[in-house]
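Working notes, beginning with the structure itself.
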Amino acid sequence: MTKRIINNVFAREILDSRGYPTVEVEIELCDGATGRASVPSGASTGKLEALELRDQDEKRYCGKGVLKAVKAVNGVIANAIIGMDAADQSTIDKALIELDGTRNKSKLGANATLGVSLASAKAAANSFKMPLYRYLGGEQANVMPFPLINIINGGVHADNKLDFQEFMILPIGAEAFSEAIRMSAEVFHNLRSILRKRGYSTNVGDEGGFAPNIESTEEALDLIVHAIESASYSTQNHFALGLDVASSTFYKNKIYKFANKELTSEELVEYYYNLVEKYPITSMEDAMSEDDYEGWKLLTAKLGSKVQLVGDDLFVTNCELIRKGIEEKMANAVLIKPNQIGTLTETFTAIGMTKSGGYKAVISHRSGETEDTTISHIAIASNCGQIKTGSLSRSDRLAKYNELIRIEGTLERNAKYYYGLAWTS
């Protein structure tokens with residue numbers, strides 16, 4: 001087989017959706033094929049995720065420049081991988097891991113290693129004249145992901161009083177991905193009208209969801225249910241609800257402090273139980289703190305049979321942590337974020353471990369995004385069946401949805417889409 005030899009590697013500093021710098025990498029092969037990838041950035045980050053290398057120079061971009069990561073790509077990384085076969089992804093990623101030599105990519109930065117890893121895969125796919133999802137996933141990559149769509153932002157993603165970070169709609173009644181997006185967009189616009197009529201701001205947060213200055217979780221959920229019904233849908237047949245609590249942000253000294261409440265782990269689990277009884281919530285992310293292992297076990301025992309319990313900060317796309325969670329029965333699903341681990345190979349290894357343990361995998365964006373659509377392709381290549389990539393506004397979010405709509409059109413009858421409650425089974 002002809003090798004796809006890397007001829008040139010180049011990185012630059014560009015801006016993400018929050019106006020902060022991030023790393024973009026371009027790789028050119030000897031046959032002229034190229035691949036370009038840009039790296040996202042999180043605001044709500046797990047303690048154990050791979051390090052995003054920043055310059056810490058307050059005179060540039062408020063200390064958030066990424067010239068150190070860019071220098072690493074253009075220097076030590078380029079010197080190591082030029083001449084390597086871009087189609088040998090595992091060898092390239094192994095070289096990146098060994099070059100860094102730390103457990104959390106703190107030497108070169110996960111923003112440097114991931115940019116190179118993704119750009120290399122894209123260059124190889126283009127050399128083979130294949131879409132990235134087909135190159136990565138083979139002929140069996142045909143499952144369109146079920147979207148978990150953020151419609152109200154809170155927490156560190158918005159300047160409002162909501163403690164919970166994301167309120168999501170789950171279009172369980174749609175029979176195709178494009179239909180799920182259409183239905184969800186209709187609910188989104190109905191929610192905008194409702195917020196305006198009630199005198200709330202319709203400004204959006206980092207992930208494109210509305211960020212009204214409401215104070216309670218219940219009011220946010222009531223508004224969403226109203227929007228669903230105003231769009232002529234129901235929570236029985238068309239939509240369920242989801243939450244990203246991001247509870248680590250309000251957990252301290254074994255107490256959860258939010259909305260004028262101070263709850264123990266046991267009390268918070270009971271609060272969630274009552275919330276699920278009142279509202280059609282079928283997915284909850286980071287409902288317990290990443291440090292509260294006993295709380296996670298309590299929650300999983302109480303709600304794990306009826307609600308998808310997604311671990312993000314708990315697992316940070318790290319196989320060691322995923323293995324521990326599966327063994328100790330914490331959560332029942334894993335959020336997969338490539339920049340939490342730093343290479344494409346490690347990302348797919350984490351997905352494989354998640355699936356083999358009987359857990360669900362949810363491919364995810366970050367709150368600081370670019371127009372890069374790689375996660376859309378990873379979702380299909382891995383046949384994971386779920387994606388979380390923000391709301392139905394802001395082009396950095398819509399780029400991912402639009403790419404999936406294009407892929408669905410390309411797959412035509414071969415596209416599989418699990419709706420109703422099948423996406424969690």
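All positions are counted from 1 along the displayed chain.
Glycine too: its Cβ is placed from the backbone N, Cα and C atoms.
These numbers come from a predicted model, not from an experiment.
Annotation comment: Swiss-Prot describes E207 as active site, proton donor. Taking all protein chains in view, 30 other C-beta atoms sit within 10 angstroms of the C-beta of E207 (active site, proton donor).
The active site, proton acceptor annotation in Swiss-Prot covers K337, and the record cites sequence analysis as its basis. Sequence-distant neighbours of K337 (active site, proton acceptor) (same chain, six or more apart, CB under 8 Å from its CB) are G42, E49, D312, V316, T317, S364, H365, R366, listed in sequence order.
Taken from Swiss-Prot, the feature (2R)-2-phosphoglycerate binding site applies to Q165, K337, R366, S367, K388. Within 10 Å of the C-beta of S367 ((2R)-2-phosphoglycerate binding site) we count 24 further C-beta atoms, all protein chains included.
Under the heading Mg(2+) binding site, Swiss-Prot lists D244, E285, D312, citing sequence analysis as support. For E285 (Mg(2+) binding site), the number of other Cβ atoms no farther than 10 Å from its own Cβ, over all displayed protein chains, is 28.
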Other C-beta atoms within 10 angstroms of the C-beta of K388 ((2R)-2-phosphoglycerate binding site) total 29
Comparing the Cα of D244 (Mg(2+) binding site) with the Cα atoms of the recorded positions Q165, E207, K388, the shortest distance belongs to Q165
Other C-beta atoms within 10 angstroms of the C-beta of D244 (Mg(2+) binding site) total 28
Cα of E207 (active site, proton donor) to Cα of S367 ((2R)-2-phosphoglycerate binding site), in Å and rounded, measures 6
